[in-house]
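Features reported for this protein in TrEMBL:
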- 1-22: region 'Disordered' (REGION)
- 28-284: domain 'Protein kinase' (DOMAIN)
- 58: ATP binding site (BINDING)
């Protein structure tokens, strides 16, 4: 379905014409508010022809998208190309004069780190299983010619509150299809971005593998591999690939896990593992991952180093769904748990972790390119069923 009044030149059947004429209200009953952003809101929605079948509807104000229509269309185009059990699905889109509506798969299990903290037991094997699911989904994306470009823990969500819930990849606002041209624009989230992106070199699928390496590191110790209060120092660490397996936090972690991380976080792109190679590593495919409980250390560090930011206070799908479940069960459980603001010794919380990276080119600054960390100028929204506020891609260069 072409958006923003563009003509549909594809051949259509009578069934297509009938479906195109349907409105959001024709097919769905809108229910509870799940979240709000600066220019959008997300509501729970129920299929009229299938009572009890719930989805999330993201309602985006067209006025807020003015000048950024291509970013939304790119995200929709990418999501339509991808169908995988570990990727949040876009079901269909609607449009009227005021808004664009995205019907999304409802994800209610909560964020990755929150679930780990809540668990009573957590092992290397658990981390390995999580990363395997992510690798399988990203490998599929890469086979479809899609690079995510912003993989980070906030974009990894549990499908349901069930103990054995699968993990889901979300937020494709910065994703790019390789067949749409060379990728050279610096984008992503600083702590997870690959060295070649910071170096402003042309890059490809390997940037996602690097990000998975960073996530793997955090899952095993609870703190990031790269950190400095000074942005220039942080970028220098990443460019050199300087990280350590600090004692005592890594004393109980297997050598296989450390080797796996080294293979993914290799500065030399030609030597960095692909997703397919990573899936064949013994830590993922074999029995090399330890079953020793590391929950105490990891959860403590996660609470210290990834405390909730103020922008995550809005209502979200998980809160609403859990409240509904508690009401149905007649329980009086406490609400969403807040995390500690204490800091790990020697590591202050990276308050800028959720800002997107904008690198301006020399032609824009009139001097040598310098990495600049700042929020991208793009409207905020809440991805349906997700707990975090995200944004559409802030385009700093025509090379995106």
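Along the chain as shown, the residues are counted starting at 1.
Glycine is no exception: its Cβ is also placed from the backbone N, Cα and C atoms.
Whatever TrEMBL says is automated annotation, not expert-curated.
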Key: Average pLDDT across the domain 'Protein kinase' (28-284), rounded to a whole number   = 92
Query = For residue 58 (ATP binding site), which DSSP three-state class applies?
reply = strand
Request  = Measure from the Cβ of residue 58 (ATP binding site) and count the other Cβ atoms within 10 Å, all protein chains considered.
outcome  = 25
